[in-house]
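Data first, discussion second: the structure below is written as structure tokens.
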Amino acid sequence: MATEKNSNGYEGLLPLCLRWLKPIFAKLSNKAVKLATMTKKLAKDDSRRVVHAFKVGLAISLVSLLYYFKALYDGFGTSTMWAIVTVIVVDEFSVGGTLGRGLNRVMATLLAGGLGFGAHYLASLGGDTGRPIILAFFVFLLASISTFTRFFPKIKARYDYGMLIFILTFCMVSLSGYRDDEIAKLALSRILTILIGCCFTLFVCIFVRPVWAGTDLHCLVANNIQSLALFFQGFGAEFFRLSQEEVSKDDMQKYRTILNSKSNEESLTNLARWEPRHGKFRYRHPWKQYLKIGSLNRECAYRLELLNGYLKTNQFQMPSQQIHGPFKEECMKICSESSRGLRELALALRKMVLPLTAKSHIEKAKVAAEDLKSHLEEWRFEEVNNAMEIVQVVSLASLLFDTICCIEKIVDSVQELASMAGFKAVEVQSSVAPEQQMDLQDQDQYSLQPSHGAAVLLAHHAITIDEQSPC
């Protein structure tokens, strides 16, 4: 049999090959399962990725019709391929990204094409001998200037792609004219196909499930403020080892995502500035103000990282009963009022309304911090058994006070954004019973009716929102 050893003591060829291939098939199977799991996770994390993939396929399919119809292909010739290339390189995930790259490509193509014509005309005045020298000089000059211009920060942020296309188009138009006498027809056909590709791309990107970078930026900043509130909500109970847990430990650690959010915020801001008016975002919306708020959020997150160190290392020794009561009471009040103020601020930012009562909660937190400060001044080292207790209490109190000052700056920045963007000043109605106001800790409890024209609860008050939230 094939599975038995032959007379010389060697296995047959088929069993040997199967034994060699079996671990290879097992590895391939494991990799296929991992790939399927990763694909499912990517699609589940953000379903817009799947939609974007179909949108790119749709745009390329539509622009490829230029190849299928003979009349269109005869009009543009081989330049038809530039329309497909344009769709591939211009189509981005968000409307701002697509519009920015599209405008960069069109404007750079038009400018470089015009300069290419000019260089070709000036070079023709030099005759057969001077023509290549003049063309080489113009290519060297414009390529060098354009490349150096890309190092300017503002140019790099918004027009880097346009500068690359400018260099490429200028070289192609000016150098192609050296061997091709029909340079005008060649340049015109390429410009038209590029315009057609951009139009197809923008049409699909804007009218088929659009993704707005401005909305993503707005929601990102609001969610970051909410993450700061979650930490304060759970810090008091976790620090004083209380039995009830107002928020899970995973939610308390969400603030860490803020520490690495700078590049994402800057990228979304640059893309949002390209976008037209959409939803509640008007023309000339103050997108740069979000960078200021994001910077303050990171400053606050760094301070929360220090506060979190007290929970992780258990380095803080609980004060003696002599100072434990006042210390616990004031710290719990600071955490509670800070959490409420940040929650109201995040919710007001999501709904794009003026944060009416967030400032009052932060003021209450500052009063509690001042009371704690006065208590610390009243205590004496000789009255406490262990002087190290006072040192630890003072360090934590100082860190809390510094954090409150940072939160106050965040509130001021959001109020400045609300003023610049024209957020609505809604009428406040104190329609909530006092005993119910203290129970509103979860975000879902703030929204009473999520439908159009819903009554949205901001802490102690109910306000009426006429339009849906962008987040």
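Residue positions begin at 1 at the first shown residue.
The backbone N, Cα and C atoms fix where each Cβ goes, and this holds for glycine too.
Per TrEMBL, transmembrane segment is recorded for 50-69 (among others).
If one looks beyond the transmembrane segment (106-127) by at least 6 residues along the same chain, the residues whose Cβ comes under 8 Å of a Cβ in the stretch are 133-135, 138-139, 142, 162-170, 172-174, 177-178, 183-184, 187, 190-191, 194-195, 198. The transmembrane segment feature in TrEMBL is assigned to 106-127 (among others).
The transmembrane segment feature in TrEMBL is assigned to 133-152 (among others).
Here TrEMBL flags 159-178 (among others) as transmembrane segment. Tertiary neighbourhood of the transmembrane segment (159-178): same-chain residues 100-101, 103-105, 107-109, 111-113, 115-117, 119-120, 123, 131-132, 135, 138-139, 142-143, 146-147, 149-150, 186-187, 190, selected by CB-CB distance under 8 Å and a gap of 6+ residues from either end.
Among the features that TrEMBL reports, transmembrane segment is placed at 190-208 (among others).
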Residues from the same chain, set at least six apart from the ends of the transmembrane segment (50-69), whose C-beta lies under 8 A from its own:
43, 76, 80, 83-84, 86-88, 91, 93, 193, 196-197, 200-201, 204-205, 208-209, 211
